[in-house]
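Pulled from TrEMBL, these are the features on record:
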DOMAIN    79-372  domain 'SAM-dependent MTase RsmB/NOP-type'
BINDING   C183, A184, A185, P186, G187, N188, K189, E207, D243  S-adenosyl-L-methionine binding site
ACT_SITE  C306  active site, nucleophile
Amino acid sequence: MAPQSEKKEKPRARRISGGSAAERSAYFARKGGGKDLQVLKDVLAASNVLSAKWKMQAELIYVTAYDVLFGQKIGMTGAVEKHIMIHKHVLESTLLKFCANKGVKFIEELLLHNSSSVPKPRYVRVNTLKMNTECAMRDLERITKVEKDEMVPDMLVLPGGTDLHKHPLVLDGSIFLQVLDACAAPGNKTTHLAALMKGKGQIIACEINERRIRHLEYAVKCSGAQNILFIFLLNQVCAILLDPSCSGSGTSAERLDHLLPSYLAEHEDKATANGARVKKLAAFQRKALAHALSFPSVERVVYSTCSIHQEENEDVVMSVLPLATSLNFELGTPFPRWPRRGLPVFEGAEHLLRTDPSGDTQGFFIALFVKKLSSIDKSPIPRRKKRFIPGTPKLPFPSTKISLTWMHHEMKKKPCSER
């Protein structure tokens with residue numbers, strides 16, 4: 001029996017029981033395997049364990065190797081497990097060499113030494129329809145460190161991994177968690193716009209999917225917003241927030257897409273990543289943006305994606321610029337202090353905004369189109385007769401898709417002109 005001191009030398013994590021790929025992938029992500037993936041990849045590459053024969057099962061190799069190196073001993077239940085166990089000593093010796101090269105004694109130090117293991121912060125948006133930012137900060141400071149975001153006034157920054165899902169402020173709609181899960185159900189941008197408008201004007205939320213409409217109605221009710229209508233007064237629209245379907249490539253790392261069995265099959269080479277699906281999405285995005293710019297009363301259009309592909313971002317904007325110019329639009333500059341701008345593929349791309357998943361939180365893109373003041377109310381497009389609804393203000397804001405809200409704070413900076 002090994003002495004107690006020897007057992008403590010190599011830190012290990014508890015392994016879940018069972019053996020399905022889904023369970024072990026979930027375990028891998030929950031125990032931090034995603035953030036330690038680069039160390040794992042380096043060890044596998046140096047050990048020649050991930051040979052061509054096993055590349056189609058790379059996601060299972062990652063999970064099993066993580067279990068062997070940082071978890072408990074696994075059983076010989078399948079071909080992947082047997083393959084890893086045969087090379088167990090090589091993997092462990094390679095890991096020790098990595099520790100020595102980095103000048104650390106313990107595996108935890110090696111993982112902390114890896115820059116990619118630094119957790120990303122947790123973002124929380126305060127619903128100013130229910131409480132102010134200062135009150136929210138005081139409540140949250142009772143359980144964790146809280147800072148104000150430098151760019152968005154009603155956004156709070158908490159340490160990564162902070163669990164607030166059962167916090168009273170989340171349950172009663174006083175704060176919204178800015179997480180990937182929120183993208184699956186609509187209401188995020190809509191409720192944020194409602195808070196920014198402080199009850200003034202009217203928001204028109206457009207959604208054609210019945211299930212998503214139910215989520216949207218629930219989010220609106222929870223937020224306490226009173227100025228949101230689910231109707232279509234499109235001839236009166238003066239501001240549009242267009243966040244169309246996209247590849248989601250800017251958030252794929254957060255979703256741990258690289259652990260999906262389909263990932264390698266879809267990404268065997270670089271061309272596939274920019275393949276038919278992205279081109280098809282870009283074609284739709286161009287049509288949607290051109291349509292948004294053509295609304296007779298629109299003065300401001302925000303176009304956004306959670307993609308890092310040029311085809312869905314700069315190329316889409318560049319393709320509609322001739323139309324935008326003919327309609328007297330020009331590119332505005334959202335968040336001028338933000339350092340990361342658009343790719344320099346055309347003159348004026350510095351007005352565009354990007355975030356990078358490697359240097360920021362997630363990959364995101366924003367373009368802001370603003371109608372020149374001299375052309376407002378002088379559009380050559382004839383206006384249709386407006387429907388009159390008592391108590392309905394003139395300034396509706398439609399939201400075509402609801403996700404990732406905080407970057408759109410710029411929309412409140414310049415209100416639509418009074419008529």
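Cβ atoms here come from the backbone N, Cα and C positions, even for glycine.
Heads up, TrEMBL stuff is auto-annotated, nobody curated it.
Remember, it's a predicted structure, so these values are computed and weren't measured experimentally.
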Item to check | Distance [Cα-Cα, Å, rounded] between C306 (active site, nucleophile) and G187 (S-adenosyl-L-methionine binding site) | outcome: 17
Checklist entry - On the 0 to 100 scale, where does the mean pLDDT of the domain 'SAM-dependent MTase RsmB/NOP-type' (79-372) fall? => result 78
Checklist entry - Taking the Cβ of D243 (S-adenosyl-L-methionine binding site) as the centre, how many other Cβ atoms fall within a 10 Å radius? => result 24
